[in-house]
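Report on one structure; see the data block that follows.
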């Protein structure tokens, strides 16, 4: 029973999704890691100076190195986020008024817009990297348990766990429907047949999701579900977790002081 206090140990119901600890970050209490991410994100959002944001990104890189995140997967996740905001970042220099920096035909880029784009890019990458380093390797069951111990509303915790659990199943169901449509000779295009077929597929996906939800609810009731999941393990703050809290407070205070000095 000695493994019950270890946040890196598998929990009942977690399956094989829990990864063994690969670095010192994985030995920390999940609650401390979640609170550290929330505090870091809250402070970084308040920063406005590029130098302070660069220091925040450097801190996130340091924590990511300590967490020993897989390099390829981490870069792929960062690239996905950067691609999502790339269009906005490219438009900001040309849509923000300020001192002209350069011109591309009729479009004039401002220094203020370029700085704003850099600030947003640094902020987003720093927060996401810290999130991946501290929370990204946690099993959803562990995250739900930690949020429950942090006194988060039970309904929200259960919604999070069900969402993480069943989004993958719904995606697999959508893949099966897509394969079935291709097997019947469906070729997507810009015509009413395509729109109607996709509408039917979306409706059928919702129907199947509802049916699965009803089956899961019936199965849970048969197993005595009363609105709360029984917690099988306990979490305890240790000295290393207190050290993380102290280092987090020190780092966040330093970032705020740096922002104040440069502002």
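Glycine too: its Cβ is placed from the backbone N, Cα and C atoms.
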TrEMBL annotation of transmembrane segment - which of the ranges 16-35, 116-135 it falls on: 116-135
Which listed span TrEMBL calls transmembrane segment, if the choices are 53-71, 148-166: 53-71
Cβ contacts under 8 Å made by the transmembrane segment (83-104) with residues that lie 6+ beyond its boundaries: 110-114, 116-117, 120-121, 124
